[in-house]
Amino acid sequence: MHKSSALTTLSSDHSAIVTMKTSSSAIWAITTAFTFFSSPVHVAIARRDPWHGSDTTSSSRANNPQYRWGETVATGNKVNLLIKYKPRTLQQTRHSLRYSNKSVRLNMLADIMTNVSKRHKIARVEIAAEDKEDIMFELMMHEDVEMVEEDQIQRKSYFRSHLNRQEFLVYTSLYESSKQNTASTRPNLRRSLMQESQQIGVDLIQAPLVWSTVLKNPDRYNHTSIKVCIIDTGYDYGHEDLPTSGVTSTETIYGSALTDGDGHGTHCAGVIGAIGFNKRGIVGVNPDPEKFTFHISKALNAQGVGTASSLIQGIEGCISSGSKVISMSVGGGPNSSIFRDIYKEAYDEGILIVAAAGNDGTTAHDYPASFPHVVSVGAVDQKGLRADFSNYNDQIEVMAPGVNVLSTAPNDSYNTLTGTSMSTPYVAGVAALVWSCFPECSNNQIRNVLALTAKRMAPNDECDEYTGFGLIQAKKAFDVLDRWGCEAPGEDPIPLSDGGIGGCAQALPDFRNTLNAAPTSRPTPKLFNNTNTSNNNSCNKLQLDLLTDSNAIETSWVLEKVDSGVREKVKSGPPSNMNYSPNTRYSVAASNCLGIGTYEFTIFDMFGDGIVEQGYYSITLNGQVLASNSNFGKSESTNFTIGSFLPRQPASQPTSSPTWRMLFEEEFDSGLGKFITEGREVLHKNSIFGRKGVAFIQVTTAVGKPFLLSDEIEIGGPYTKFKVALTYRTAKFDNGQVLCIEYSPNNATMWNRAKCWSKGVHFENGVWNDDASVFKVEDQGTDTNSLQIRIIVPDGSYMNRVFIDNVTLSGMI
């Protein structure tokens, strides 16, 4: 669209309608409207415009009869077209248009086409409105043109601000100082915000719980700085509560991205990353400016309006800057094939794009949010309930706070805005916060884990078109990745874009079901011999050891006697009218005197994710462990019977086995230990995946390089054979790919292959395997004094990952 076409006429009630002339063909017509200031507070509070969800007063249309529905913005009798040309330069495309046919119109177009995006091969051209359909047809028939679309209006996607700017300042000041200020005069805004405000929205999404965990474990969670791109109206560079270090920008026809004539972009930036712990302003989702950086793409003008071409330039700037997350509080665009391809390509490049679902309060699909490779975000109020203006449809994926959101505004000020525009940066901020702690994850995995761990809002704990997977929960997503790794929400497809679906179809449902599933049938009771069988009142002690997580209020348990189908409660916890304390260890005598009979112990978690973080539970009967777990979803039951029986004897005694002497063992509790790697290792501590100890190693590497290579292991003494045993789990292995054990005696340069295991034959991805290789060293007639061992994927690639928990080397005597 021509630069001047974004100009609008301001109505008397501060509302504006953007109009575009329409052709006779309805297929090319587009309509859009927006409001860039809310009505003053003394006006009967604005109603939603049913067209795009913008606020208008009842007099808006009456006062502006010249603006009609269905008209298109144009400069005089001109319109702009976007042309996606085939993979070549614009100069080559111009040459092709000039000489490949006899069209006078296309010949003329070749001289006036300008590049919008070299990356995406998109050009723009201004033409006469009356020639639009004919020219579009001729272009689409040309062999070097892939698509042609009209350059369309894009707009900011906030729903409303209940107060005008002057009232914003007063409201915010009163809100912040209400407890201290009782005078009728309005307090000073800057002074009242000098004591930092932590918004309700930040708490609703659990961001402070992530901050606390990271601060307590700085060595374990060493943030990788992540770049977040905001495509909006700009950024108030130099604001007292916004970062300045590392901020980069992309300018479009609307001027410097580091200024903001509207304030919408600055508001979104504050939600994502307002500086924390500086005793002023607010706290963003990412409060530490050393852990992330901003890139700002100014795709909207000072009235919050832009064009498809300015948006494309903004997206290209985000990608070129190396941004991992793109926050787009914009909407109103068409279901465009050009944009669909752009977002798909960005997804394949590992970028997560988040956009506002829209504020119509209808089933309308707003774009870009409704594209499959974009996360569509709806809004909740300060109580965590769906806002009535939030769009609902089959692409809604997650929800976030979007009502009366207090954030930064130009000129060191602060204001409140409402809309899915505000919800979007909350999700983008959480994605950046979690991803920075687990940088090895992909964009698709981060997207899925945010959906799978969201707090369900739909009936029956389901995902639906009104609220998607629910309210995002930063700590829940963090804990899942911390416990189970990036593959927990599903392995990545190839290409990544195959994983972009959107809505309730986006994430893998089996993972959530695994977390929440209660046993489908009662387990077979475990039987224990009671040595004192003189009467049914024999005493047996059941002990519960419990370490709670940050959400200890969710945890409870009950012990019941279940003889003859009748349930009788023996004991439960916590005590009545009490809750367990967060991150606290408890040792409880569930019963000091259990008689002969059948019992059932059940532990519950109200949220449905078990006991996360470092927490767990364990029950023992007379010192023998009955159950120990943390990943039990909503509940887990253990049945056991105390009786006077003799343990079953084996049918025959096992034959004697060779005597093996342990020579070397590495559990990776403190890192690589005596191993080195030419790849990149990640130490996972306190994970339920660990088969021994408290950690395991994840390694990725280059083609043909050893995943793990040991130091020289001193042998000593004569051994007839050696055995290497290991516990491993793989990810992203193709069928037929092998994992091998190799050894080298006496510091030799030659490696001998002991054994290989093949994916699809011996193991599958995502499953722990306990395997061993027994071999005899052939060492050219010399004694074996030392060995090196290595674990290698001979035909591996950088995509392969191996998780290893325990490696031992033993010698046979």
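Cβ coordinates are placed from backbone N, Cα and C, and glycine is handled just like the others.
Model, not experiment: these values are computed from the prediction.
Noted in TrEMBL for the protein shown:
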DOMAIN    225-470  domain 'Peptidase S8/S53'
ACT_SITE  Asp232  active site, charge relay system
ACT_SITE  His264  active site, charge relay system
ACT_SITE  Ser421  active site, charge relay system
>> Rounded to a whole angstrom, what is the C-alpha distance between Ser421 (active site, charge relay system) and His264 (active site, charge relay system)?
In response: 9
> Can you tell which of the active-site residues (Asp232, His264, Ser421) has the fewest other C-beta atoms within 10 angstroms of its C-beta?
Replying inline: His264
>> Using the alpha carbons only, what distance in Å do you get between Asp232 (active site, charge relay system) and His264 (active site, charge relay system) once rounded?
In response: 7
> When the pLDDT values for the domain 'Peptidase S8/S53' (225-470) are averaged, what is the result?
Replying inline: 93
>> Using DSSP and collapsing to three states, where does Asp232 (active site, charge relay system) fall: helix, strand or coil?
In response: strand
